[in-house]
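Record features (Swiss-Prot):
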- 32-50: disulfide bond (DISULFID)
- 40-54: disulfide bond (DISULFID)
- 49-60: disulfide bond (DISULFID)
- 1-22: signal peptide (SIGNAL)
């Protein structure tokens, strides 16, 4: 009985750790998917533009 309880707790702890780690990785990883000139209106501009930055939520502007 004790072994079953220990295994259940271990699975729950590992599941929680996996969810937390996955969420943190998503926040840390910045995947770009917009090219210069693409609209970034629906994006908050954090890491979406591959070469440049989101200019006031209008379009990706390349760094010069």
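Note that Cβ sites are derived from N, Cα and C of the backbone, with glycine treated the same way.
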Cβ distance under 8 Å to residue 50 (disulfide bond), same chain, sequence separation 6 or more: which residues?
32, 33, 34, 35, 36, 60
Residue 49 (disulfide bond) and residue 40 (disulfide bond), distance between Cα atoms, whole Å:
8
Neighbour tally for residue 60 (disulfide bond), based on other Cβ positions within 10 Å of its Cβ:
22
Please identify which of 32, 40, 49, 54 has the densest Cβ environment, defined as other Cβ atoms within 10 Å, among these disulfide-bonded residues.
49
